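Q: Quick one: the structure is below, questions incoming.
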């Protein structure tokens, strides 16, 4: 599996779509500082799932998006795509069959991050799973940067152990162990608190169980008492119900009898009505028959007259006329009689009407009397009921007062008994032992003092350790600064040495110079002020690289060499001699004055320097040349060299060998000073670390002492707390008993007061009840009198009704007779008029003769009809008399029936009153059952068939006595004992769970420790073995290994012991900067070998190394590249030369990185140039 190429767009400085190809096993990314080379490494880390902006050199994840430059605007999103060659099939799973795998990540300004796998959207988890087992990841050792090397170099044993732990993957084990220990500590604390709660809860539960048993007994007795009361009430209700059934039957019978009398009355009234109607019909028939009778008489008379007329013409007519006159006289008499009778009937009707009005008025008065009697009787009934209610209320109050008296007596007895028991318990309470508490308090004070001393000592130790740690951090920071400064100085020295070495022209005299002593090259001896530097280098340019040898050896050198006069005495004497010999304006005098070593004196002996002068102005230069023929050149400021007839101007100062040499001397001096300071600081660091180790040991001992002292304080505190708690409980119990005694005394007084009040109330109620007895008799007598008056009023009302009815009947008969007479009078008047007309006709008309026989036959028929009509009229009159007699008899019987109805109504009313009383008592029993929330039906069903009221009353009284014998009952104990029982069971279950959890956590700790040791040991051995193999390769010899600082694999630190070739074993801190970096690289590669990834990214890890070590590093990388693809960033030409492919990054446009093609040969040529 290889990384083929990277596609970047909008990522950091790569704003334009850029493709970075990696066709070879070793690709080097080159370019100036700040051009964006490391952004390529960040891009790979980002796509592999890095979620920390800090590791991407930013503050937020959106910082990876190009933020704009002077010429470009910011972009809205960044994307990076990695394309892998998977022809080897190293990626497993569903992508194993793909020869090419693409992984892409996109992020927008809205912080929306999108992952894509082979063009399809996916999760970050899918990317992580894809590379599982390959060694790739955002934090894997496949990405090695200079910061990792620096951390390894500066790490202490415990910090270096962290690298091994990360490589072994046991950091999560440590987190799990820390979390498990924390949970174990919390679990133990919970167990201790739980034990206290369970103990206290057990005591409460035992007490509550006793109270609950008594409460249960009380509830059972109360339930039984309630059932007995309900059954007793049900039995009484049954009795009243039977009484109600009997009374209802009696009421029904009385009501039926009443209805029978009423029906009889109504039947009698119907008979009367029928008889009256029959009488009226008969009288109508009498009137009709009488009218027919009169008509027949008239017809007979007419016939007789006709006969007489026929027989005796005028005589008969006379006779007929006389007869008519007689008949007229009779009619007159009849009319007179009828008028007299009509006047009599009118007078009789008026009298009857007056009597009827009087009877109606009497009936109204009787009605008012009856209503008054009814109202009086009803008012008496209401007052009687109210009086009965008051009497019953007094009786109930008397029963309640008696029950209250009995309850007060019993409660007073219980209070007295409880008071005696509490006083006895108070007397038996033990006294508080103050001596034991004082002893424990003294011991606790000593233990607390010991604890304070231990904590103070521990605090001092912690302070000293913190100071030492702070000092170590400060020294580490100084060492780090000095190491960086040393590295910079070494790098600058190497650069200057390389530059100066490049100016040395190799010749055949080099071998001779190596075998003989010489002072060095001319530029190495010169120390020229900056004002003359350029001019001196211009004047001495041909001789700067020439060696300076003694005068006697100059002839042996064939090449360009400079001879130096020998120094015959010490440096101070030689310098004095030279100052005396040389001229003050010569370059030799300037070098001697500005010099810093014995080389200055040697340089002053060089004749070439004595032949060059210095002058500040051209005039002085010309004067010196003119006055001193020994001078062949004069130096002037600004790099001007004036000779006899010639003048030179200095080139650019950047290529000044004298400046380089001078800087090199200064750097070497500064490097020596830095190394001296670094050695002092390293020695001081070792001393402080030793002090810190001793301090840690002392702190562990002090912590042990503090833990022991704290345990003693806790133990003594608990003992004192227990004593104080016991004393407090005893005092609390004593106070509670005293309070209870006071409460019971008050309660006893209250019960005595209550008993006295009950006795007084009972006496008062008994007096009231006794006083009510005479009043009851008087009220009952008044009720009887009112009942008799009501009945008398009802009888009088009925009599007046009957009298009114009789008067109405008589008035009706008189009215009927009067009407009949009026009708008869009308007919007589009509007949009279007819007779008068007939007489007039007889007198006017003449009579003619008629058939006598026919008239006689007609007369005979009329006579026969007259006889029949007379008989019929007589019969009708007899029938009217009979009907009138029957009607009189019915009227007399109606009065008797009405009297019977009144009596029967009284009997019905009495029966209904008894029934209502029985029903009211039954309803009161039902109300009592409803107040008890008991169903009558359920009580009747559950009640035994042989239940008797007396037996049940006895059982109820026995149950009440048993309830009173129980005394004070805590009914809440039933619910409380259930709640506390559930809580106890819950706490027991919690205790078992916590115990099991503690055992599980202890087993987990052991398992974690075991796995941690195994993993750490295996990883440590593997990394150590790889380090021992890699170290000789990068150093060309020597050896290195990892060493443990302790036998405990869980806590031991790790140190790197290294012995470069020709040196003794030492820790990495005692090596030089380059050796440290190279050793750290060897360790990093050893860790990388644990799980080698398909490719490895290196970011300027060769920066601290010199060329020799870079070469060794390159050879190691080249050897590993056979199995691992390397992509690295470097500024070193040797590392560039090692690469098989170069990728150049430039930033021609400010803020925008671009990829340029770089040819290896051209790069080498450029590097060499």
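Every residue gets a Cβ built from N, Cα and C, even glycine.
Pasting the feature list from TrEMBL:
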{"type": "BINDING", "residues": "32, 33, 34, 35, 36, 37, 38, 39", "note": "ATP binding site"}
{"type": "COILED", "residues": "170-264", "note": "coiled coil"}
{"type": "COILED", "residues": "300-499", "note": "coiled coil"}
{"type": "COMPBIAS", "residues": "772-829", "note": "compositional bias 'Low complexity'"}
{"type": "DOMAIN", "residues": "3-1153", "note": "domain 'RecF/RecN/SMC N-terminal'"}
{"type": "REGION", "residues": "772-837", "note": "region 'Disordered'"}
Q: I want the residues beyond 32, 33, 34, 35, 36, 37, 38, 39 whose C-beta is within 8 angstroms of the mean position of the ATP site's C-beta atoms, in chain order.
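A: Near the ATP site, beyond 32, 33, 34, 35, 36, 37, 38, 39, sit 13, 31, 1145, 1147, 1153.
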Q: Among the binding-site residues 32, 36, which residue has the largest number of other Cβ atoms within 10 Å of its own Cβ?
A: 36
Q: Please report the number of other Cβ atoms within 10 Å of the Cβ of residue 35 (ATP binding site).
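A: Taking all protein chains shown, residue 35 (ATP binding site) has 19 Cβ neighbours within 10 Å.
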Q: Just to be sure I understand the packing, how many Cβ atoms besides its own are within 10 Å of the Cβ of residue 37 (ATP binding site)?
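A: So the number of other Cβ atoms within 10 Å of residue 37 (ATP binding site) is 24.
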Q: Can you give me the same-chain residues 6 or more apart in sequence from residue 33 (ATP binding site) with a CB-CB distance under 8 Å?
A: 1131
Q: So if I measure Cβ to Cβ from residue 34 (ATP binding site) and keep only same-chain residues at least 6 apart in sequence, which ones fall under 8 Å?
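A: Those within reach of residue 34 (ATP binding site), by Cβ under 8 Å and sequence separation of 6 or more, are 1147.
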Q: Return one of helix, strand or coil for residue 36 (ATP binding site), based on DSSP.
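A: The residue in question, residue 36 (ATP binding site), is coil (DSSP, three-state).
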Q: Only counting partners 6 or more residues apart, tell me which same-chain residues put their Cβ under 8 Å from the Cβ of residue 38 (ATP binding site).
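A: Once residues fewer than 6 apart are set aside, residue 38 (ATP binding site) is near 57, 145, 1099, 1100, 1129.
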Q: By a simple count, how many Cβ atoms lie within 10 Å of the Cβ of residue 39 (ATP binding site), its own Cβ left out?
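A: Residue 39 (ATP binding site): 20 neighbouring Cβ atoms within 10 Å.
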